[in-house]
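Here is what TrEMBL records for this protein:
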type	residues	note
TRANSMEM	21-48	transmembrane segment
DOMAIN	23-507	domain 'Major facilitator superfamily (MFS) profile'
TRANSMEM	68-87	transmembrane segment
TRANSMEM	99-118	transmembrane segment
TRANSMEM	162-189	transmembrane segment
TRANSMEM	212-231	transmembrane segment
TRANSMEM	349-366	transmembrane segment
TRANSMEM	372-391	transmembrane segment
TRANSMEM	403-422	transmembrane segment
TRANSMEM	442-463	transmembrane segment
TRANSMEM	484-503	transmembrane segment
REGION	507-539	region 'Disordered'
COMPBIAS	507-518	compositional bias 'Basic and acidic residues'
Amino acid sequence: MAGNMKVLNALDSAKTQWYHFTAIIIAGMGFFTDAYDLFCISLVTKLLGRIYYHVDGSSKPGSLPPNVSAAINGVAFCGTIAGQLFFGWIGDKIGRKKVYGITLMIMSICSIASGLSFGRDPKTVMATLCFFRFWLGFGIGGDYPLSATIMSEYANKKTRGAFIAAVFAMQGFGILGGGIFAIIISAVYQACFKAPTYQVDPLGSTIPQADYVWRIILMAGSFPALLTYYWRMKMPETARYTALVAKNVKQATADMEKVMQVDIGTDQKEPVVSAVKSSNEFGLFTKQFLRRHGLHLLGTASTWFLLDIAYYSQNLFQKDIFSAIGWIPAAKTMNAIEEVQKIARAQTLIALCSTVPGYWFTVFLIDRIGRFTIQLIGFTMMTVFMFALAIPYHHWTLPGHHIGFVVLYSLTFFFANFGPNTTTFVVPAEIFPARLRSTCHGISAACGKLGAMVGAFGFLYLAQPQDKTKADAGYPAGIGVRNSLIVLGIVNLLGLFFTFLVPESKGKSLEEMSRENEDSTEEGAEVENHSSDNRTVPV
């Protein structure tokens with residue numbers, strides 16, 4: 001049984017070694033690219049509007065039509081959902097390592113291709129941009145279940161949470177890196193190509209060279225990930241997959257002896273392939289799975305769904321919120337490149353002061369206070385701060401009160417990352433059986449990105465002013481930023497309640513959480529007495 005395999009016991013009790021940090025860097029650079037690519041689009045959407053949708057005689061700079069803006073922001077999420085489900089399933093079917101390099105290449109190639117979207121006609125450029133961002137999302141989606149599962153199966157039980165969280169925390173550096181890079185590029189173009197503000201010269205405020213700015217920003221995120229491709233391909237298959245799914249304990253032992261540089265040893269009587277069909281080997285669509293893990297999957301999927309509604313709507317549209325409260329100047333008082341710089345500066349400040357610290361607080365504390373506690377604290381504080389922003393919203397829009405708004409807004413990001421944004425990624429990689437671990441993580445993550453789509457599309461319309469004459473061009477009247485923030489507060493509160501469906505996995509082995517190490521006395525020697533229900537082929 002799994003609990004008696006020396007190689008798994010050795011992994012659980014292994015001291016932190018260099019190969020752990022190597023695995024974090026290899027997996028983490030994929031998440032650097034993931035976050036960079038998903039969030040950098042918010043830095044350039046206003047620039048795209050100025051370049052391709054300028055209206056002569058308009059008092060405001062051009063902006064993306066609602067359907068185009070929704071497509072650009074949401075199409076990557078559609079691809080991400082497809083990638084999470086497909087690569088999650090295929091990672092359990094043929095192994096994590098065999099497809100791990102493929103996701104990285106898809107991300108890198110499509111990231112570069114997004115910046116090369118051809119044609120100067122708006123429809124052509126937007127169509128090709130959406131096409132490549134869909135497949136970019138497909139690669140990003142695959143990285144979620146594979147990276148989480150690989151890291152959880154490599155780690156020891158004492159520091160497993162911190163290692164998985166550290167991989168995910170690279171998202172923070174991806175968001176930060178995107179903002180810093182956008183500031184640098186826009187500063188260079190500002191220095192080289194002077195331009196008046198929109199209210200002085202509407203046409204001249206957007207220099208022809210601005211078309212290169214958004215392309216360079218979109219392409220740059222692919223290069224850090226490409227640097228780790230070779231090491232991804234050199235990683236062996238995880239011992240847990242090889243031993244528990246492929247049932248080759250001898251190979252699993254050899255692989256781990258090589259990476260851990262120790263002599264694990266294995267009982268020569270231990271079979272290479274299990275001869276007895278265990279009653280634990282149920283598939284995804286079975287009563288046994290529903291009984292053991294049904295509520296767990298509901299818990300991981302629902303909390304990730306609810307978290308991402310709030311998290312992505314805040315992240316993708318913080319530029320609109322900052323503009324609404326006056327922290328970013330009115331668009332007509334800036335030229336196109338200056339607006340990119342101001343938006344990037346605001347988002348970088350939020351990432352530096354709250355997003356990145358929140359991730360790393362989780363890394364340092366997750367194996368001390370537990371996943372459940374951190375997720376509960378996170379959802380609770382996000383709810384509190386969201387209502388603190390929404391209820392006295394008019395107060396925050398008055399001159400002199402912007403700093404207070406930004407501080408509270410930053411704290412919602414801090415507690416999202418020191419909270420459910422990280423734990424919803426960690427827990428699904430720990431509580432399901434090895435043969436279904438990647439699939440269940442992919443399902444949970446796909447529900448999260450479904451929530452991100454709700455946030456991305458919904459907030460775009462909801463946050464419009466209730467007075468239609470004040471809404472952005474092409475948008476119907478919404479419920480306003482204040483009421484939108486109240487809705488997000490209610491969403492966070494629901495996430496708090498669904499957290500109680502998620503079990504605590506701190507300090508426990510993966511086999512203990514999934515119950516793969518249960519003694520075989522129940523199924524034992526009476527193999528022929530097994531019912532047909534227990535012969536379900538794993539999905």
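Yeah, the Cβs are placed from backbone N, Cα and C, and that goes for glycine too.
When Cβ-Cβ distances under 8 Å to the transmembrane segment (68-87) are tallied for each of 21-48, 99-118, 162-189, 212-231, the top count falls to 21-48. On the 0 to 100 pLDDT scale, the domain 'Major facilitator superfamily (MFS) profile' (23-507) averages 87 in the predicted structure.
Counted with DSSP, the compositional bias 'Basic and acidic residues' (507-518) comes out as 5 helix, 0 strand, 7 coil.
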